[in-house]
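These notes are about the structure you will find just below.
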Amino acid sequence: MKLKIKKLNQEALIPAYQTKEAAGFDLHSIEDVIIKPGERKLIGTGLAFEIEFGYEVQIRPRSGLAFKHGITVLNTPGTIDSDYRGEIKVLLINHSNEAFEIKKEERIAQAVIAPVVQAEIIEVEELSDTERGAGGFGSTGK
């Protein structure tokens, strides 16, 4: 699988896997940004992707930002479809009680390539019965 990346801004950083067995690669901010407590910000990367058909790129939080600072990806995982050609942006939220400063070139999220399966969608009058039925939201245990 090949991921083609175009710089939309010459100062953008091309991502790379940090270890031989890493599942994801880090995305970097193209700008300095301050996220106030409870605030959401859309952070640009200055990059556009050409993703092979049959795959998506999932945008996920960086565990260190979430654990140490309460900064996470709001719509996790965010999905970048293979036919999207615009700038890759990351929607971050600050769950902490303090403003958080993101510096230009700082790692803000990780991206993971995943296969896509499109289902054949069929409208039916009835669904098959199961032991679980319509039970949800904690119905299978305490």
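Note that Cβ sites are derived from N, Cα and C of the backbone, with glycine treated the same way.
Quick caveat, the model's predicted, so the values are computed rather than measured.
The substrate binding site feature in Swiss-Prot is assigned to ARG62, SER63, GLY64, ASN75, THR79, ILE80, ASP81, LYS89.
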For SER63 (substrate binding site), which of the three DSSP-derived states applies: helix, strand, or coil? helix
So how many other Cβ atoms are close to LYS89 (substrate binding site), meaning within 10 Å of its Cβ? 20
Can you tell me the three-state DSSP label for ASP81 (substrate binding site)? coil
Far apart in sequence but close in space: which same-chain residues, 6 or more away, have a Cβ under 8 Å from THR79 (substrate binding site)? GLU56, VAL57, GLN58, ILE59
Under 8 Å by Cβ from ILE80 (substrate binding site), counting only residues of that chain that are 6 or more apart: PHE49, ILE51, GLU56, VAL57, GLN58, ILE59, ILE88, ALA111
Take the Cβ of GLY64 (substrate binding site) and count every other Cβ within 10 Å, whichever protein chain it belongs to. 10
